[in-house]
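Participant: My structure is below; once you've seen it, I'll send some questions.
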Amino acid sequence: MSVSTPSELDALIEQATSESIPNGDLDLPIALEISDVLRSRRVNPKDSMRCIKKRILNTADNPNTQLSSWKLTNICVKNGGTPFIKEICSREFMDTMEHVILREDSNEELSELVKTILYELYVAFKNDSQLNYVAKVYDKLISRGIKFPEKLTLSNSPTAMFDSKTPADWIDSDACMICSKKFSLLNRKHHCRSCGGVFCQEHSSNSIPLPDLGIYEPVRVCDSCFEDYDLKRHDDSKKSKKHRHKRKKDRDYSTPEDEEELIRKAIELSLKESRNSASSEPIVPVVESKNEVKRQEIEEEEDPDLKAAIQESLREAEEAKLRSERQKASRQMQPQQPSPQPQPIHSVDLSDEEKDSIYMFASLVEKMKSRPLNEILEDSKLQNLAQRVFASKARLNYALNDKAQKYNTLIEMNGKISEIMNIYDRLLEQQLQSINLSQQYTLPQVPSDPYNYLTENVQNPAESYQTPPLQQLSSHQYKPQQDVSRQQSVKANSSPTTNIDHLKTIDVTPHAQQKPQSHVELAPSDPPYPKEEAEDEGTQAVQDEESSTQESRERPYPVETENGETSINKRPQGITRYDFPTVPARKFVQPESTVPLPASSSEIPIKEERPPSPQEELLIEL
């Protein structure tokens, strides 16, 4: 029956301590099966302890079932293994045991059984710091006058009755404990259910049941444990069994003497061969002693694999010897030339032999944890391996320091490169920004219509004060009359203060000097501008324009001179003549009068050249 959960274990415990069994007995095969379940750890030890405690508390009213439950507890304690014993010695279960001892006075058989279990636990684990609560409960019961059975005689090793073989705790490692191969995504790790070691797939591909550990289903085991169980099942001869057990022991804990000797010789030959490439030192042939020959003969008789390995190493030694002799003969035939000796390269990295020694030492130390101390101290091969590993500690520290310095240097260089790249990016951004600004200020905005661009500059001369001066028109250049009139009108509009000053200085004639309106006769009007007058007036306008332009270039503001009134009086005539060519509705005809004119009338011709009235000036400005 395969039990893997606490509920299944409860059912099995009820079956072993059934009420149908008389006289407080129990079903012994089922009880042993329960102990195998506890020893194999298929159920957690704490859960197992709670299952037994629950059965004890539930059967407190039935003396027979209570007795069978404690008998089952005694069997499980002595066959359940150390993890289960730790849970039994905890406060949770020991308080229940103390309560039963103090309560059961009528049932002597049950009381004696519980006292016996407690006393055996006290004698076995009273010096254990992890299980010291048993001693506290024992002292408490002694102080209350509880007497324990004195007829119990324990052997020299009181823990022997509780020493049951259990599956070993799993060991974690990053390499196989047999071939020392590193674990990776493809080379997965596997634990042996017997020894708890970690191995690769190649060395843990066997599956067998482990009845001595309470495991009756095939589980994964390593090659060493598989050979051990295979030898137990197929015990053909005592000699074969003894030899294979010796091989397993040597593989697990130390290197055999002959194998260590062969490895040492192979290393010496390889070192001498490497030295011969740089120097002409002869290789001393290895002379095997008689003891070694006898040992080799024994090994050849016992193990064919070891025999093949020895032959292979001897063959390699012979080949190295022949190769060195050939090199020596070729050097003697060639003329002697001074060959430059290569400079020795000091390498701080560990060699393959040192790495193998470290891995082998680590795996052996893990396996030696479960062995007694005297075997560890007496193992000379393990001590030699430890000395070799400790000798390589200085080189390992130096190599680690060298790698750390290189790492720090690379980190510093990476930081400098990132800082330089940031500075370079900042400079590029500044350069691009300056190029964009220069393009904005240097590139002119070309208008879509050049004629509009020209007319805008001509129609807005008031804005030319902030720009370079206009080119002065020569007398022979052609200029339309319409443009001249436009410029004059703009000038009149752009200088309102001048017109206001002109209005202030206008001399208004008295009503006595003006002729009455009744003498004016209305008649059809003639053309306002004859051809000759138009030409004369155009020439006069060009000259006035040139003079006004010259004055505006010299000084942008009007200059107050002595003849300021005369200049002001002349400007409205030009404005009236060209800007507003209006035709009067009727022509003024002056009737002949017999009244003689005064002498000053010839000096001021009012009829022909009359200055504009203030009303006309206001109309012009509007």
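Each Cβ is built from the backbone N, Cα and C atoms, and glycine gets one as well.
As listed in Swiss-Prot for this protein:
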BINDING   Cys176, Cys179, Cys200, His203  Zn(2+) 1 binding site
COMPBIAS  239-249  compositional bias 'Basic residues'
COMPBIAS  462-500  compositional bias 'Polar residues'
DOMAIN    258-277  domain 'UIM 1'
DOMAIN    301-320  domain 'UIM 2'
MOD_RES   Ser157  phosphoserine
MOD_RES   Ser495  phosphoserine
MOD_RES   Ser613  phosphoserine
Participant: Same chain only, sequence gap of 6 or more: which residues have a CB within under 8 Å of the CB of His203 (Zn(2+) 1 binding site)?
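Facilitator: Residues satisfying the criterion: Cys176, Ile178, Cys179, Cys222, Asp223.
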Participant: Can you tell which of the binding-site residues (Cys176, Cys179) has the fewest other C-beta atoms within 10 angstroms of its C-beta?
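Facilitator: Candidates: the binding-site residues Cys176, Cys179. Fewest Cβ atoms within 10 Å: Cys179.
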Participant: Starting from the Cβ centroid of Cys176, Cys179, Cys200, His203, the recorded Zn(2+) 1 site, name every other residue in that chain with its Cβ within 8 Å, sequence order please.
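Facilitator: Close Cβ neighbours, site residues excluded: Met177, Ile178, Ser180, Lys181, Phe199, Gln201, Glu202, Ser204.
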Participant: Give the number of CB atoms, excluding that of Cys200 (Zn(2+) 1 binding site) itself, located within 10 Å of its CB.
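Facilitator: So the Cβ neighbour count for Cys200 (Zn(2+) 1 binding site) comes to 21.
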